[in-house]
Amino acid sequence: MAASELYTKFARVWIPDPEEVWKSAELLKDYKPGDKVLLLHLEEGKDLEYRLDPKTSELPHLRNPDILVGENDLTALSYLHEPAVLHNLRVRFIDSKLIYTYCGIVLVAINPYEQLPIYGEDIINAYSGQNMGDMDPHIFAVAEEAYKQMARDERNQSIIVSGESGAGKTVSAKYAMRYFATVSGSASEANVEEKVLASNPIMESIGNAKTTRNDNSSRFGKYIEIGFDKRYRIIGANMRTYLLEKSRVVFQAEEERNYHIFYQLCASAKLPEFKMLRLGNADSFHYTKQGGSPMIEGVDDAKEMAHTRQACTLLGISESYQMGIFRILAGILHLGNVGFASRDSDSCTIPPKHEPLIIFCDLMGVDYEEMCHWLCHRKLATATETYIKPISKLQATNARDALAKHIYAKLFNWIVGHVNQALHSAVKQHSFIGVLDIYGFETFEINSFEQFCINYANEKLQQQFNMHVFKLEQEEYMKEQIPWTLIDFYDNQPCINLIESKLGILDLLDEECKMPKGTDDTWAQKLYNTHLNKCALFEKPRMSNKAFIIKHFADKVEYQCEGFLEKNKDTVFEEQIKVLKSSKFKMLPELFQDDEKAISPTSATSSGRTPLTRVPVKPTKGRPGQTAKEHKKTVGLQFRNSLHLLMETLNATTPHYVRCIKPNDFKFPFTFDEKRAVQQLRACGVLETIRISAAGFPSRWTYQEFFSRYRVLMKQKDVLGDRKQTCQNVLEKLILDKDKYQFGKTKIFFRAGQVAYLEKLRADKLRAACIRIQKTIRGWLLRKRYLCMQRAAITVQRYVRGYQARCYAKFLRRTKAATTIQKYWRMYVVRRKYKIRRAATIVLQSYLRGYLARNRYRKILREHKAVIIQKRVRGWLARTHYKRTMKAIIYLQCCFRRMMAKRELKKLKIEARSVERYKKLHIGMENKIMQLQRKVDEQNKDYKCLMEKLTNLEGVYNSETEKLRNDVERLQLSEEEAKVATGRVLSLQEEIAKLRKDLEQTRSEKKSIEERADKYKQETEQLVSNLKEENTLLKQEKETLNHLMVEQAKEMTETMERKLVEETKQLELDLNDERLRYQNLLNEFSRLEERYDDLKEEMTLMLNVPKPGHKRTDSTHSSNESEYTFSSEFAETEDIAPRTEEPTEKKVPLDMSLFLKLQKRVTELGQEKQLMQDELDRKEEQVLRSKAKGGERPQIRGAELGYESLKRQELESENKKLKNELNELRKALSEKSAPEVNAPGAPAYRVLMEQLTAVSEELDVRKEEVLILRSQLVSQKEAIQPKDDKNTMTDSTILLEDVQKMKDKGEIAQAYIGLKETNRLLESQLQSQKRSHENEAEALRGEIQSLKEENNRQQQLLAQNLQLPPEARIEASLQHEITRLTNENLDLMEQLEKQDKTVRKLKKQLKVFAKKIGELEVGQMENISPGQIIDEPIRPVNIPRKGKDFQGMLEYKREDEQKLVKNLILELKPRGVAVNLISGLPAYILFMCVRHADYLDDDQKVRSLLTSTINSIKKVLKKRGDDFETVSFWLSNTCRFLHCLKQYSGEEGFMKHNTSRQNEHCLTNFDLAEYRQVLSDLAIQIYQQLVRVLENILQPMIVSGMLEHETIQGVSGVKPTGLRKRTSSIADEGTYTLDSILRQLNSFHSVMCQHGMDPELIKQVVKQMFYIVGAITLNNLLLRKDMCSWSKGMQIRYNVSQLEEWLRDKNLMNSGAKETLEPLIQAAQLLQVKKKTDDDAEAICSMCNALTTAQIVKVLNLYTPVNEFEERVSVSFIRTIQVRLRDRKDSPQLLMDAKHIFPVTFPFNPSSLALETIQIPASLGLGFIARV
């Protein structure tokens, strides 16, 4: 069909827009050929008349159907053009948050400016091994494709990463290298992948800088070759760099920085090791402050410096070299601060003692004067003379900057060289993958030499890219055998010729650089003369003579000629370099070793420093003028040569392209600027790829997919059995132009737009069918609805009319009744009102009259009381006046009497003074005295009588007074009562009158009260009835409340049970976590063991050491010994000496055990020697003290002390000797790691045996010496007794004589022997008593401690109980008592069990001993039997016994152990054993052998057998670890062996299910609990290996069977994609289906059942298998946009139901396997539910509790409708989901950990099989073992 036919009404198109680049619009009417205007409707609601170009009449680009928007591959779009590409990228980037998109063979990566969780190890594992087209676009997919193609095609690969600065090139390259490092691993002993990754921080610090476009912009290009060996493991890497931006060292634009390393140095200046560099803030250096932006937000330069140093250390750059690098970098910074002062216009100088220059010279180790001179001067050389010429300040500054740039460039190259040296490998490189991180096409306002080189490189890369794309397109057409014509594509060879051909731009530039007076202007004129108007790609700007324009493949670029020559020459003065070469700093001359001799036009040197000096030059011995003619290569030439080498490398590899796009210039996250994106798409070749694809057949369908999609366009008669012929017939009818499509072998190829046309036909057909279906259904529904409404209306009318008639009759009855009721009611109301008013009036009257009477009474009473008060007051006033008057009279009398008394006193005093008065008075005084005396006596008597009378009278008076007072009070009370009675009488009279009146009123009110009572009675009855009803309701409510309480109690019980279950689950989770950590450690340990073995093998191969056959390596020995060797509790240390005499054919583990025991014995000897030494020291102190007291015994004491010191020295020398011998032994054992070292006869073995013999002999000698020394100490104690000074010499002499006599007679030896025996006996008794006392003391201490703890607990409990209420206190005390009794009961039970075990063990030993005694008795009887001939040998004959009672043991000889292990483990075929014999037979045989060794009490035999068994199982699994049947077999047997060790261990917990006969088979001598733990660890390792095996088998099936295969045919509609799949990296091994997975699961299950694996263990394996299936399926679903659809959700749900059915068939529903599929089930449900409203969001949040928030959002973002009738998930709905899930606490991880292994447990499963019934089949080849 014609293209114009697609421009119909409602068709959507793209029109150009100055702001948005392209804008979408919709046609309002059909387009007809010849129309000049299109009526469009824009998306913002405006109408537009779009005028077509009259010259070309080109129609606007058509927009793709919405179903195609958001495709993974841009070439899958039906319409391939710029607006479609731009829109698709924008939708994926903004709406779906997807930064990667394919464009044919190109991966387009848009920088999100945000950290995304899509680069973790789980994502790497998900992409590993997958086809590139099967997964969503990702840098890991490109890396995986390169890695697989390298392995499949045996061809080197390249990944070319390009883009603008800030587009993310470096990050993409870094992630690609991380992918290779993760999936491949390294082949050498060092982690090469870590070194490759460690090179990134180093290169970023010295080669990256902050620019206005990027905070971490790479200012150089690099190509990293990652080398692989034949096994495709990383062995090394090599890096090439291109065009370092040296000018940044000395100059930075605004808001930019120098290289990161300078700022890292300044940030770390305060470190102690950096003090010598004398650095400071970055703002204090000229080379780091020009940009004005020394800090980067979010970046800590000090931490980055630490990372850089760590990376240097990892790459082998020593600390001294690192400090040398930092020293040179610091010198560059100080060099930038060197300033110049102008002396005149042609010369300059440096200030004296200039500090920056001094620091620079100190750091560089050069002479200050020389450097100062050559910074201000230069040499000019002629043929015979050399001139030293001063330079101006500007020239000196430029020379300083050139020197700084040159030093930095040399340092950069030196570091790159050392990095390459560190990454180099001695192993031969088999292949490599190169990662090219190169600058993209650049165009700025001012473009210079750097942009010219960058764009030149991009021209070369674009040419290579176009050729590769074109080649792939043509190869696809040829493969499908379709006719094709040559695709026209842009060839940029003319532009490359313009740059690099002879007389090209670079050639003219180099030629101009050779000219003595060449300038940028002359070079520009040569360009104009050579290329202007001769080359269509070269232009001259109109307004400039110093610029030129080149038409590159991406855009026109105008270059400014200024600076081209200088940058191309890269000139630096040789004299300055020579000064640096003469440095004392050794590292600095290394940087300039490769410099060419002619750095500047002059090469001679001179020491003169005059402003202009002519110096005669003697000709050198070499060729005259040689150095003057030599020139170094220009920068352009070097760059061109390196670029040619790069292109040769890339052309020899298979390229993979990554184009990085910068979405905006402001680094805003997920913000898309269409203008900038279009510029970069044009520049990076993406649109060229689209154009090449669109020129051919971009859309490709297989015949089956085309038939499935467009079956609706076919009639029944068109459908044939041959799908290919059917598709051809239909296409010929649908598309008349046969050039629009081609039929290939397996695919149909369509031109651009044809798929959209087919989609339009399909949509029209489906729309017409939908309209017809809707029309029919709507008519049927309306007709059905009308009939239903008619029947309903008639029925409603009938019921309504009847209802109206009944209502009218009821109305009449109610009206009549209402009239009668109203009559009686009105009468009743009026009568009631009258009665109420009358009663109220009477009540008011009564109350009013009573009120008036009471007022009158209160008035009279007040008047009466006022009179009484007046009376009392007047009497009181009169009495008061009388008392005051009497008081005044008495006072006057007193005053008068006092005056008279004073007068009389005065008179008496005067009389008393006269003598005559005394005389008169004395006359007759005596008689008077006598008389007066008598009178006094009489008066005293009278006085006494009167006093008695007075006392009596007072008593009488008091009693009378009291009576009178009482009478007065009684009278007063009577008076008051009388008054009250009088008032009461009056009031009673008034009340009587009042009561009479009230009585009358009461009688009148009685009637009304009776009436009210009747009414109240009625109301009460009504109230009672109401109360009864309320009571009934309350009873019902009570019952309801009781029921509610029961339910609440039940609910509380359920809640408590639920909480208990939750806590139990939490504890189980904690236990599983702990198990998982432990098993992960075991897994890591086994992995490290394997790695160690691999490394050791490689080391052996590298060192060419012949590997002896069947000998254990040292590593195996050490690991086995450390893991499995332990000392039995029944082994005794006295067995050491006999074991040393065993044959030398002992195994190495036994030798090592002897060595350990020997070392232990030496330690014991050392301790014993130390005790003896301490005792000797104490005795020596006692001797010294006694010597100080007794000075007359020096000779004897000196001799004794000398003897003791001599013995001590001998002991010390012997101890040193033992230590030396032990060290020699250790050295001999550790000198070599070869296996023969520990073999019998080896030097280490001989040394071991000799030392063992010597130590056993020394042991006896030392014991005797100990006894001798102790006896001497005893004799010394007896000798040192306080004696008299006189007898000292005599006693000592006698003592010496006695000793001499005893020596002569030989009695001393006998005394010594007796004393020694006595001391031994006493010593043993003392030691036993000491031990018993210590044990008793320890027991008492433990009891005291337990009592203290119990006391503390009781005190704490008492303190807690005192704070509780009484009920709780009682309950707490009871609880404590119960707990205490329970604990005591448990302790007693434990003691009882221990005693029972001891009794059983003793009984068994008794039986064994009794049997041995019986056998010995029988042997003795046979030996003494008559007729026996001793000399004649008799051949032994085996006589079988009839009905022998076997004990369930197998006897074997020690030398047959290796044969047993070989036949039973190493060479055993699991299939034959599992099919023909009982399950677990090897485990039973091994245990029966262990039982016999236990029966013999042979510790060594048990240890050797168990160690050999474990090592042999490991060896078998290492050899055949990929065979599921082998791993399953040995997992089953290992578990059975472990269960046997438990079942027959003799422990009570494992003997519950045993028979009495089985209990007799328990082990008697050894406790193998430690070996049970070792076997458990081994079983865990085997289980983990089993999981890895089944994962490797299942993994290729899962994605195909669970996702890709259509189990329900016809449900999934094929999307109209372009089907531009990448070439599969994995060979097509056939399509797996769900049935394949189920068959494999059946195979696994049957094998495990045949091997007799425990049912619980089978459940755990099945659970792990289902987890792997669910995790891998979900991970692929989350990474594949094409799988996220409604129909795919139905397929997944059906597949999961089939897996559940399999679980039901195998009775494994309770294994927990179904729960592991819950995330997958919820993801399938999420694909099927509605996703529009808030209610849908709420339902999704509650439904998807097993999915994380990231997974839910990812699925919603990836959801893609299969056809256009479905709607996409809106962005607002996804945001609603995110808001609702914001508070959910789950992992931010996107993918499930497919490598996760659930912790495994081995529940005890005893066997009912009796050991004595087991027969050994002859097929096992175990004839050398015998049943016992």
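Backbone N, Cα and C atoms are what each Cβ position is placed from, and that goes for glycine too.
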Legend entry - From Ser1122, Ser1213, Ser1625, the one Swiss-Prot labels phosphoserine: Ser1625
Inset, instruction - Select, from Thr634, Thr1032, Thr1163, the one residue given the annotation phosphothreonine by Swiss-Prot. - result: Thr1032
Inset, instruction - Give the distance between the Cα atoms of Thr1733 (phosphothreonine) and Thr1032 (phosphothreonine), rounded to the nearest whole Å. - result: 49
Inset, instruction - Report, as numbers and ranges, every residue of the chain located at least six residues beyond the domain 'IQ 5' (862-884) whose Cβ falls under 8 Å of a Cβ in that stretch; write 'none' if there are none. - result: none
Inset, instruction - Take the domain 'IQ 2' (789-813) and find every residue of the same chain, 6 or more past its ends, with a Cβ under 8 Å from one of its Cβ atoms. - result: none
Inset, instruction - Mind looking up the mean pLDDT for the domain 'Myosin N-terminal SH3-like' (8-60) in the predicted model? - result: 87
Legend entry - Within the domain 'Myosin N-terminal SH3-like' (8-60), residues counted as helix, strand or coil by DSSP: 0 helix, 24 strand, 29 coil
Legend entry - For the domain 'IQ 6' (885-914), sequence-distant contacts whose Cβ falls under 8 Å of one of its Cβ atoms, 6 or more beyond its ends: none
Legend entry - Secondary structure composition of the domain 'IQ 6' (885-914) [DSSP: H/G/I, E/B, coil]: 29 helix, 0 strand, 1 coil
Inset, instruction - Summarise the domain 'IQ 2' (789-813) by DSSP state, stating how many residues are helix, strand and coil. - result: 25 helix, 0 strand, 0 coil
Legend entry - Structural state census, the domain 'IQ 5' (862-884) (DSSP three-state): 23 helix, 0 strand, 0 coil
Inset, instruction - With DSSP as the reference, give the number of residues of the domain 'IQ 3' (814-836) in helix, strand and coil. - result: 23 helix, 0 strand, 0 coil
Inset, instruction - Count the Cβ atoms, other than its own, that fall within 10 Å of the Cβ of Thr1733 (phosphothreonine), considering every protein chain shown. - result: 11
